[in-house]
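Contents: one structure, followed by commentary.
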Amino acid sequence: KMAAAAGAAAAAAGLWSEVNRCGQNGDFARALKSVNKILQINKDDVTALQCKVVCLIQNGNFKEALGVINTHTKVLTSDVIAFEKAYCEYRLNRIESALKTIQSASQQTDKLKELYGQVLYRLERYDDCLAAYRDLIRNSQDEYEEERKTNLSAVVAAQSTWEKVVPEDLGLREATYELCYNSACALIGQGKLNDAMKKLQKAEELCRQSLSEDSDVTEEDIEAELAIIHGQMAYIMQLQGRTEDALQLYNQIIKLKPTDVGLLAVIANNIITINKDQNVFDSKKKVKLTNAEGVEHKLSKKQLQAIEFNKALLAMYTNQADQCRKLSASLQSQSPEHLLPVLIQAAQLCREKQHAKAVGLLQDFADQHPANAAEIKLTMAQLKIAQGSVTKACMILRSIEELQHKPGMVSALVTMYSHEEDIDSAIEVFTQAIQWYQQYQASQTRGAKPKSPVHLSLIREAANYKLKHGRKKEAISDLEELWKQNPKDVHTLAQLISAYSLVDPEKAKVLSKHLPSSDTMSLKVDVDALENSHGATYVRKKAGKLTGDNQQKEQGQGEVKKKKKKKKGKLPKNYDPKVTPDPERWLPMRERSYYRGRKKGKKKDQVGKGTQGSTTTGTSELDASRTASSPPTSPRPGSGAAVSATSNVIPPRHQKPAGAPATKKKQQQKKKKGAKGGW
């Protein structure tokens, strides 16, 4: 037995040497085989079990490693294996379990603190995460300080982006492209897009310099590493309205086929937002990228929520009503207080022409969530306006108490009431808004203080509206209030006098004494500058030499304008002064009293006219009566064999009327003229 025990100890020692050598070489697969052999000798060896867990973690077998830990809980207590257990849970995306494991550990080692910071970041507890990393940086001195600062800047960027917190200056030296990238993300969260673009360009330059130093890195590897930087550049372009440039850069990144599923999902979602209700087939292809495995562990909750919202909207645009309702209902169950799910459902109902149902849905949400009722009621009012129920829309808008006094709301209500010719309600809107400002000012200040510019603007608009619609007496009180606030306001005083002149002329005369005199109202005008200005109609003559009489004229009565001579009108050539001109000579000939119409005379010979192929012949030759009575003419010299005219003579009794062929020809011509051509 002693020999067997000695042999086993020797074998175990050899195996431990193998484990140590493989661990130093990074060959954890072979090390695991040796550890398993050791465990066959002693299954409860704590060190061997720890080494097995580490080998499994190094090989990426986190689930198996966690199984080993949970199987040997008696041996591998939380004090011994707390970090490895929490790390396996973290890598398996069991973030809450990892947090509990870390917090239950009796001793908080530096490794656990590092992991604690990562867990808090994944849980989006950014304030606690920031404090954890600050503590680590303050109390650690090793080669990982740069990585900790990078993580710290990432937390600040997340706060700026998702919580809209103005980041504090941490004084980090942006020597790496990761730090520059995180700084750019923080600037995007603050809306400083131009500064963020400059930071990203610097990050790209640093990234190229850093990776080009390694000879094993190819250009494709550099482009893959730059993909996330280019993605943020495209996002900035999209926010700036440069959608074509952003779309081009997004598609370039997709062509690279990066391995980061989170990056691909964000880019696909942004392309869908650019497409909107256009190019829906491309959007349906891009949606598949947002459904990739592991996306939910790479993105923040707000990013995932935005992707789900866009899926519901895309379903609505592609007329998938059931899918749209299903997605929006799921979103509403996850975030009952969020506005977008109910707005998407209402939009889908409107597309189905169910406006009343959409309004009812919005009303139920407004009753259940009063804090978000304002935006919902604005949507309800818009739907009522689309249906033509302007008065009901006004009632809904007036029920939003927190917006009643806003100038935009007052303007909208007054416009809508004016459209409905309800002047009393419009004036009531002005009155309620003015009273709100009076009460607000009384609650904020003690004693008489000047009214705010918005308050005065509302009073002026109310006065102008009342004057426009003939409510002079009601307008006078508003104008008096304005003039009381600023007695030097001549415009208000003039309006007040104008209003009193129609109601109380004596009062108008009294107030007119407050108007400034004409001397004080004289305008200082540079006449020369006005005359020389562009578009001036006055043309100045060049000054000439004044001598003798001209000089005396200028000194005396001033320059006399020359009178233009009128040109005598031209008379007709046949003008006879003894004959009285025709009083109707300016009228067209047809409208004159003595016009009798045209005289119908014999037509003249028309040269080159007639049907195609016919010869031109004089009217005398076509006259049958003349042909019958006149003697035959001799043939012209040079003509062909002539037929005697007497052989073709037709007796008058059998002759056709001379006008018949002509009439028939006219009818044919008229018909031909009225016909449409085939070309």
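A Cβ is built for glycine as well, from the same backbone N, Cα and C atoms used for every other residue.
Here is what TrEMBL records for this protein:
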type     : residues : note
COILED   : 95-150   : coiled coil
REPEAT   : 227-260  : repeat 'TPR'
REGION   : 540-679  : region 'Disordered'
DOMAIN   : 541-597  : domain 'Signal recognition particle SRP72 subunit RNA-binding'
COMPBIAS : 561-571  : compositional bias 'Basic residues'
COMPBIAS : 573-594  : compositional bias 'Basic and acidic residues'
COMPBIAS : 608-642  : compositional bias 'Low complexity'
COMPBIAS : 663-679  : compositional bias 'Basic residues'
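Cβ atoms under 8 Å from those of the repeat 'TPR' (227-260) belong to residues 177, 181, 184-185, 188, 193, 196-197, 200-201, 203-204, 207, 220, 266-268, 270-271, 273-274, 289, 298 of the same chain, restricted to positions at least 6 beyond its ends. Across the repeat 'TPR' (227-260), the DSSP tally of helix, strand and coil residues reads 26 helix, 0 strand, 8 coil. Per DSSP, the compositional bias 'Basic and acidic residues' (573-594) is made up of 3 helix, 0 strand, 19 coil.
Mean model confidence of the coiled coil (95-150) amounts to 90 (pLDDT, 0 to 100 scale).
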